[in-house]
Amino acid sequence: MSKKRLHEIAKEIGKSSKEVVEYAKYLGLDVKSHASSVEEADAKKIISSFSKASKPDVTASQTVKPKEVAQPSVTVVKETGSEHVEKTQVSKPKSRNFKAEREARAKEQAARKQANGSSHRSQERRGGYRQPNNHQTNEQGNKRITHRSQGDTNDKRIERKASNVSPRHDNHQLVGDRNRSFAKENHKNGRFTNQKKQGRQEPQSKSPKIDFKARAAALKAEQNAEYSRQSETRFRAQQEAKRLAELARQEAKEAALKAQAEEMSHREAALKSIEEAETKLKSSNISAKSTADNRRKKQARPEKNRELTHHSQEGQKKNKKSWNSQNQVRNQKNSNWNKNKKTKKGKNVKNTNTAPKPVTERKFHELPKEFEYTEGMTVAEIAKRIKREPAEIVKKLFMMGVMATQNQSLDGDTIELLMVDYGIEAKAKVEVDNADIERFFEDENYLNPENIVERAPVVTIMGHVDHGKTTLLDTLRNSRVATGEAGGITQHIGAYQIEEAGKKITFLDTPGHAAFTSMRARGASVTDITILIVAADDGVMPQTIEAINHSKAAGVPIIVAINKIDKPGANPERVIAELAEYGIISTAWGGECEFVEISAKFNKNIDELLETVLLVAEVEELKADPTVRAIGTVIEARLDKGKGAIATLLVQQGTLHVQDPIVVGNTFGRVRAMVNDLGRRVKSAEPSTPVSITGLNETPMAGDHFAVYADEKAARAAGEERSKRALLKQRQNTQRVSLDNLFDTLKAGEIKTVNVIIKADVQGSVEALAASLVKIEVEGVRVNVVHSAVGAINESDVTLAEASNAVIIGFNVRPTPQARQQADTDDVEIRLHSIIYKVIEEVEEAMKGKLDPVYQEKILGEAIIRETFKVSKVGTIGGFMVINGKVTRDSSVRVIRDSVVIFDGKLASLKHYKDDVKEVGNAQEGGLMIENFNDLKVDDTIEAYIMEEIVRK
């Protein structure tokens with residue numbers, strides 16, 4: 001909205017700038033001078049107000065200005081008797097206060113009406129200031145006029161008044177004429193004959209009538225005046241409060257300055273006393289020193305004068321300084337040598353016994369009581385710390401029999417002996433290793449006792465193969481996890497969280513196969529409670545005993561869940577008796593272990609099992625501090641083609657947030673994203689919460705600890721340092737040939753080796769597979785793991801296999817198209833598996849030479865899922881298009897997502913449009929269903945293959 005300046009408004013309406021400024025202030029606008037600007041709406045408001053106020057000027061032919069023309073002019077003439085004063089009052093009025101004018105006019109009208117009565121009412125109405133509703137008042141007054149002749153009387157009265165006023169000034173004659181013409185016009189228009197037209201006639205009363213409007217105007221004027229007084233009182237009270245507050249602030253400031261000045265004066269007095277003491281001490285030393293210096297200068301002066309003078313041929317002696325002497329020494333003994341010094345003419349340079357300037361001495365500093373040192377500190381660093389000269393410390397070391405310079409490093413024993421000589425208690429500084437994240441788990445001061453809260457228990461489910469661990473967890477989570485596991489066994493740790501009775505419980509599902517011993521050990525190390533699953537029909541098995549040993553080693557309580565009690569051959573009592581032999585005694589028998597008989601398949605006694613878990617957790621008093629930086633353990637790690645390194649973490653203390661700088665094992669990074677066990681993104685993870693994170697530089701090892709650092713710089717430094725240490729440790733563990741192991745090395749050359757390269761989907765599977773293959777014992781043959789890593793089989797793996805004559809074993813991963821092509825070219829064998837004991841059996845049979853029939857996998861074709869359709873009571877149908885080869889009805893299929901095999905099974909149905917077909921060829925579309933798998937997604941790759949038996953050469 002545009003703005004206008006006040007002087008422009010004044011020029012537009014023909015008023016002075018001062019009047020416009022005062023009226024703008026009266027309206028409540030924030031203006032200061034004629035140069036101030038106001039909004040367009042406020043400018044229109046000011047112009048309209050002035051136009052209303054100046055309306056009598058426009059109709060000058062009809063009315064007379066009440067205050068500026070008629071009344072003030074008469075008053076001025078009576079008081080001064082001067083025509084010049086009257087003109088001045090009319091032509092140049094003072095600044096107007098509209099509110100005060102309205103109040104004064106209201107009071108004046110009320111007083112005038114009471115004094116003159118009803119006969120002068122019309123004259124006051126015409127002579128007074130026209131209010132906004134004067135027109136309505138005139139109309140109401142016209143109704144009270146009884147006869148048309150009454151208008152004639154009023155007309156004569158107007159003429160008589162005009163004739164009385166006109167001799168005063170020439171302008172007043174013009175006003176009278178206008179009044180008469182206005183009255184005649186009203187008479188002609190019939191404005192005063194309303195009562196006659198209505199046919200009513202009221203008798204004219206001589207007694208004065210009560211003017212209620214005048215009373216109301218007077219009352220309103222009094223109310224306005226009272227409001228003005230109250231506003232002014234409030235304004236003054238506010239100003240007084242502000243003044244008192246400012247005065248209080250000034251007093252507080254002066255008090256603070258006064259206290260500061262007093263403190264400074266005390267300090268100055270103390271410093272002055274110290275300086276006086278030092279001056280007295282120095283004066284005694286200076287006086288003795290100056291006496292000795294003067295005595296030496298008097299003895300040396302005659303020789304110096306002879307050097308500075310020479311004799312001319314006339315025998316006249318002149319003073320001359322030896323400026324050309326390049327060997328002159330400029331020191332204290334020759335301090336009078338000054339090139340710019342001017343001497344008096346004809347006089348020899350003589351020594352003046354002036355007192356030398358006082359030599360500033362080093363201030364005395366007290367020795368510290370304690371000295372914290374580090375190994376390898378230099379003499380200069382020690383001198384700076386204890387505020388002594390390095391030369392003094394070098395001298396002390398020399399007296400102690402140690403030859404050292406100020407830049408030489410000292411060992412801890414020498415530093416302690418030196419501090420003993422000074423009388424200082426020496427302490428070795430304990431340096432905190434920034435790269436050591438294990439200290440967060442061991443340091444009790446890391447947690448804040450006042451912030452300790454109860455946390456959810458971490459429960460690990462252990463047991464033998466196919467005893468129902470994943471089925472139990474599946475029942476708890478109400479999902480079908482077991483159907484997605486190849487071979488019906490769990491391949492790697494899954495971490496899940498459920499809620500029971502308002503409390504959360506975190507479950508870790510560890511594999512039960514013998515190859516996954518290290519994974520079970522890791523699960524036991526981070527758990528709070530162990531649920532030992534034992535099948536009621538099988539009893540105690542080897543992995544059951546191993547799980548018992550892991551739990552006892554970790555010192556965690558054990559809850560025994562006897563599963564499969566719904567089977568006909570179930571015998572829970574036999575299981576209790578067998579477990580008692582290994583120290584697992586039921587509370588019914590006087591032991592400490594809780595036993596619960598369940599059926600995970602039919603959801604029997606599951607609630608009782610969860611109640612037992614919460615009861616044991618309450619007894620254990622599991623606590624955590626969610627306010628500190630997060631620390632915890634890596635449950636699993638894998639390499640994703642699109643996201644990079646993905647690690648499943650279990651937060652044990654603190655709260656993990658997105659964008660936290662983190663060190664995980666020997667790598668570091670920043671948490672870019674966190675996903676919980678339900679696949680939802682979260683911004684934070686509290687204690688006992690499992691999450692998967694991305695953002696790490698490399699894939700960590702399962703079982704590594706992690707810690708959150710204060711900033712990314714510290715995390716980077718710690719991660720790089722840990723990586724260097726791990727590499728150095730690996731190099732140190734490399735065995736070199738010596739005389740002691742020379743015979744063993746030569747003997748090992750006679751043993752044939754089978755070189756393998758292992759690639760798996762997760763780190764835990766890599767470790768388990770490598771450990772299982774190395775443990776295979778066949779006489780004369782051993783397995784050598786050349787390389788093991790997480791991720792898809794790539795070209796570098798094929799190149800390494802060719803160079804080392806190795807076999808590539810892929811576990812739940814697939815080779816890239818380039819790697820497959822290179823393997824065919826270089827004749828490198830790639831074995832792909834999804835069940836770990838199948839790999840072990842195959843390698844073992846190959847080592848023993850018992851592979852009679854050899855089955856070779858033949859790829860029939862590949863297809864891409866373009867659309868999925870979910871049909872109730874049937875499953876998921878995948879609409880696909882063949883991009884290579886063909887897909888047959890009797891072929892096996894693999895579902896590949898991001899180069900990782902997520903399912904391997906048989907086709908349940910194959911259709912081309914609505915017809916069942918035996919095969920779908922290249923570039924054709926069709927629909928398929930896979931047995932026991934409904935998690936098809938768009939862009940999944942379907943690989944069709946068959947197993948062909950080949951004759952071994």
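Cβ coordinates are placed from backbone N, Cα and C, and glycine is handled just like the others.
Taken residue by residue with DSSP, LYS469 (GTP binding site) is part of a helix. Summarising the annotation, Swiss-Prot assigns GTP binding site to 463-470, 509-513, 563-566.
Annotated compositional bias 'Basic and acidic residues' per Swiss-Prot: 80-89 (among others), in sequence order.
Marked as compositional bias 'Basic and acidic residues' by Swiss-Prot: 98-111 (among others).
Residues or ranges marked as compositional bias 'Polar residues' in Swiss-Prot: 131-140 (among others).
Residues annotated as compositional bias 'Basic and acidic residues' in Swiss-Prot: 149-188 (among others).
Taken from Swiss-Prot, the feature compositional bias 'Polar residues' applies to 191-207 (among others).
The annotation compositional bias 'Basic and acidic residues' is assigned in Swiss-Prot to 229-242 (among others).
Marked as compositional bias 'Polar residues' by Swiss-Prot: 282-291 (among others).
What Swiss-Prot records for 300-317 (among others) is compositional bias 'Basic and acidic residues'.
The compositional bias 'Low complexity' annotation in Swiss-Prot covers 322-338.
Feature annotation from Swiss-Prot assigns compositional bias 'Basic residues' to 339-348.
Taken from Swiss-Prot, the feature domain 'tr-type G' covers 454-623.
What Swiss-Prot records for 463-470 is region 'G1', and it gives similarity to another entry as the kind of evidence.
According to Swiss-Prot, the feature region 'G2' maps to 488-492. Here the region 'G2' (488-492) has a mean pLDDT of 44 out of 100.
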How does the compositional bias 'Basic and acidic residues' (229-242) divide up by DSSP, counting helix, then strand, then coil residues?
14 helix, 0 strand, 0 coil
Tell me the Cβ neighbour count for ILE565 (GTP binding site), meaning other Cβ atoms within 10 Å of its Cβ, over all protein chains shown.
19
Residue counts in helix (H, G, I), strand (E, B) and coil for the compositional bias 'Basic and acidic residues' (98-111), per DSSP?
14 helix, 0 strand, 0 coil
Using the structure shown, find which entry in GLY463, ASP466, LYS469 (the binding-site residues) has the sparsest Cβ neighbourhood within 10 Å.
ASP466
